[in-house]
């Protein structure tokens, strides 16, 4: 009897099969879901940086640090942008 897998992708919450899995620090992802939060580019376990539960490629992480000074300010900027879009509607 086939037992299957119970691993769920952290990104999309769907089942991750061994052939499509990327595991980082014990957390499974689909290869296509393991991508940069800022740019959406596909990343690998060797070229990513995790910050406050979000994944960034090294390129965009460095770019954002130069622009903002630190990534903690990004959270507030995203919330402001969402509020401004909602206000314009």
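Note that Cβ sites are derived from N, Cα and C of the backbone, with glycine treated the same way.
Annotated compositional bias 'Basic and acidic residues' per TrEMBL: 68-82, in sequence order.
The domain 'LIM zinc-binding' annotation in TrEMBL covers 7-67.
Positions annotated as region 'Disordered' by TrEMBL: 68-89.
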If you average the pLDDT over the domain 'LIM zinc-binding' (7-67), what number do you get?
88
Helix, strand and coil totals (DSSP H, G, I; E, B; other) for the domain 'LIM zinc-binding' (7-67):
13 helix, 20 strand, 28 coil
